[in-house]
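Encoded as structure tokens, the structure appears first; notes follow it.
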């Protein structure tokens, strides 16, 4: 077979199919994808510059947001350039090792995104439930430590994934029915038993994204419990308003994530192009929306964005 190492049935290259059934429309689909990429780059870079230059924004929430922005930039850059090359130039080939590397970055960076969103929820919990201890709990050392732990967790827990797939035999095909390399799309091409590898992937997904989501829900239950004990309605609304941006970030990240996860595991009767679209929404929309959400909802960031434009064009 073309692109295969015959001695081990390991492909030297994979072929990315793109969006199955919509190959003729790839050039048109690439237009919104390219716009999403540009908005993600500009929005997250602008956000990082605004927080860096405005010392009033050097607070735990915005520092965690910067960590999320860096992760978003890395995630979009590890996927979209190759995706756009596929759409524009029909550049379907990707080397086996490059495919495994891309898969690792996608899953580990997505895990880090989830961790930073949880850290932001913890910040909201401390700020609202223990306001007098906020600065003593979330010290610079604690913030750095949490950031390093989140990066370490994503890097280490997902590091076995490439090795779980590296030595398998891919005797079915070397065509990946997807726009990028990811664990479930690759493991479907394997002709040997994969139950243990699938189980490990499932356990890691629960211990990261699943557990993060549960802890975020718990933090907001405690936040709401505290807020509803505030006697003044105006004070309750003002306190809740500090969480609005973060709640939107949670919804934008976890809604497509759960849909993508469920369609992978249980959506065998869902049309392939719908599954691929959901997977791409999960991967591409949050990095674009996060700076927009905080830019619209946070006065300081909005003002910083306009100052950045003024400095650039005056």
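Just so it is clear, glycine is given a Cβ too, placed from its N, Cα and C backbone atoms.
The domain 'G-protein coupled receptors family 1 profile' annotation in TrEMBL covers 43-294.
Feature annotation from TrEMBL assigns transmembrane segment to 25-50 (among others).
Residues 16, 30, 33-34, 36-37, 40-41, 44-45, 47-48, 51-52, 91, 94, 102, 105-106, 109-110, 112-113, 116-117, 119-120, 123, 143, 146-147, 150, 179-180, 283-284, 286-287, 290-291, 294, 301 of the same chain lie 6 or more positions beyond the ends of the transmembrane segment (62-84) yet place their CB under 8 Å from a CB of it. Among the features that TrEMBL reports, transmembrane segment is placed at 62-84 (among others).
Positions annotated as transmembrane segment by TrEMBL: 104-125 (among others).
Below 8 angstroms of C-beta separation, residues 60, 63-64, 67, 104, 107-109, 111-112, 115-116, 119, 122-123, 126, 130, 204, 207-208 of the same chain, each at least six residues beyond the ends of the transmembrane segment (137-158), sit close to that stretch. Summarising the annotation, TrEMBL assigns transmembrane segment to 137-158 (among others).
Within its own chain, the transmembrane segment (202-228) has Cβ neighbours under 8 Å at 110-111, 114-115, 117-118, 121-122, 124-125, 128-129, 153-154, 157-158, 236, 239-240, 243, 247, 250, 254, 257, 261, 265, counting only residues six or more beyond its boundaries. For 202-228 (among others), the entry in TrEMBL reads transmembrane segment.
If you look up TrEMBL, you'll see 240-262 (among others) marked as transmembrane segment. Same-chain residues lying 6+ beyond the ends of the transmembrane segment (240-262) with a Cβ under 8 Å from its Cβ atoms: 61, 110, 113-114, 117, 120-121, 124, 127-128, 205, 209, 213, 216, 220, 223, 227, 275, 278-279, 281-282, 285-286, 289-290, 293-294, 297-298.
Listed as Cβ neighbours of the transmembrane segment (274-296) (distance under 8 Å, sequence separation of 6 or more from its ends, same chain) are residues 19-20, 33, 36-37, 39-40, 43-44, 46-47, 65, 68-69, 72-73, 75-76, 79-80, 106, 110, 113, 177-180, 182, 245, 248-249, 252-253, 256-257, 259-260, 263-264, 267, 302, 305. The transmembrane segment annotation in TrEMBL covers 274-296 (among others).
Residues 18-19, 57, 65-66, 69-70, 72-73, 76, 80, 83-84, 86-88, 90, 280, 284-285, 287-288, 290-292, 294-295, 301, 304-305, 307-308 of the same chain lie 6+ residues outside the transmembrane segment (25-50) yet bring a C-beta within less than 8 angstroms of a C-beta in it.
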